Amino acid sequence: MSGSTGILVRGDGLRSDYGGNRGAVMDDPLCRVTIQCAHTSRAVDLSIPRHAGLGLLIPDIVALVVGTDPPQTAWRLDRITGDRCDESRSLHDNGVHDGDVIVLAPAQSAAPGPVPGEACVTLSAAGLDPPPPTGSAVGWTVAGIAAAAVLVLSGVNGASQPATAILAAVVAVGALRIGMRTGHVWTMLLCIVFAGAAAFLATPGRPGAGHLLLTSAVCASVSVMLLRVSEHGTRLFTAIAAGATAIAAVTATALALPMDLTTHGATLAVVALGGLAVSGRLALLIDGIRPGRPLSGLHADRARDRLAGLVSGFAATATVAAISVAASAALEQHTWPATAVLVAVIAVVLSLRMRSYADPRCRHAVGWSGLICATAGFVLLAISVPVHAGWSAVTAFGAAAWYRGRGAPGNPLLARVGDVVESLASAAVIPLACWAGGVFDLVRSTSLP
């Protein structure tokens, strides 16, 4: 130890040699600690007055540890555990004992302590999924959605639309109050449903793009509001917000530019698949997860729910877009080859994308969406080419069997082939959407040089 005088003061005021046999020391005024510099490897053993205020000792400690010309900055003393030593108190009052290691660091530097776990490890070890809703909750939800549908149909078919809109808004507010008091997710879901019904009924004129725009915008706004005020239903409300936002953006474009059902569906498919591709980055951005930042288990669970909601919402939106494109072709608004190829490519992208997710909720959402898109494509083929309906049925059963056995381990070569096919299918979505939407025909018909 450096800096020790070897002389102590006894409690009765008499001097005694340290370690001598002339009597026991009643109160040792010096505390022997190791001062470790935070920004260098220098460590100095010092004997510091035990009962003196640290604020008075820090300048001399800095001079002994850092040197005679230290940086012009404020300094502090920290324990290895990360606890900061109070400068207005002494070493004894701070709980420092002989042999302890104290870290001397600039005041603006990070405090020592346990290293936080990596965000990826915390996310992968997040808690179990919440239990599924009970049968009564599902029943009440289905009944509420049916009541909202009846209310919308009655307003469209002759009932007073202002009155029905006000009634739907009142039910939405009541469902919100009950949901906030009880914490039931299904009640908050009914709030979104009746708010969308009120927006639909409040839009004047015949049902059209304006009704869809206002309804989707209101559903997205209410979902975002519920995400802010409620701790439950993160996945469900995120999915509704993602899907409704995509629909509102495409519908707003449809109001500015002339679009039929096929063009609207093709554009919506492009937007939904684009959102699905960046859903992971969106989840990290929304939840503020950055490398090096500490991440708690609760924060990790919420981020997983956010990712599952984004994936589910965009996958469901892509499915709705594929169904609308197939329906427009079945109604003979467009020739079936372009729409059939687009629906098939959407199904391929969704089916192969589920290999990219570790969360089973994401895999189920994307896989079932791809299977539904494939079914819509097979139905379109059966309607457009009835002679070959048998081959469509056989292919549909094959796709269903493949989806059933998707959990089996795959060959690495087949996995690489799947990656290539997914990349090619993703790159082909935009050209096929332009083909199905009539963009190429529009360019061909213009007199461009």
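Glycine residues also receive a Cβ, built from the backbone N, Cα and C atoms like all the rest.
Feature list (source: TrEMBL):
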DOMAIN    300-445  domain 'EccD-like transmembrane'
TRANSMEM  137-156  transmembrane segment
TRANSMEM  185-203  transmembrane segment
TRANSMEM  209-229  transmembrane segment
TRANSMEM  236-259  transmembrane segment
TRANSMEM  265-286  transmembrane segment
TRANSMEM  307-330  transmembrane segment
TRANSMEM  336-353  transmembrane segment
TRANSMEM  365-385  transmembrane segment
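The stretch with the most CB contacts under 8 Å to the transmembrane segment (336-353), chosen from 137-156, 185-203, 209-229, 265-286, 365-385, is 365-385.
The transmembrane segment (185-203) makes contact with the transmembrane segment (236-259): 3 or more of their CB pairs lie within 8 A, with pairs spaced 6 or more apart in sequence. Ranked by number of Cβ pairs under 8 Å to the transmembrane segment (236-259), the listed stretches 265-286, 307-330, 365-385 are led by 307-330. Long-range contacts of the transmembrane segment (307-330) within the same chain, counting only residues at least 6 positions beyond its ends with a Cβ under 8 Å from a Cβ of the stretch, are 234-243, 246-247, 260-262, 264-266, 268-269, 271-273, 275-276, 279-280, 282-283, 336, 339-340, 342-343, 346-347, 350, 357, 359, 361-362, 365-366, 369, 372-373, 376-377, 379-380, 383-384, 436.
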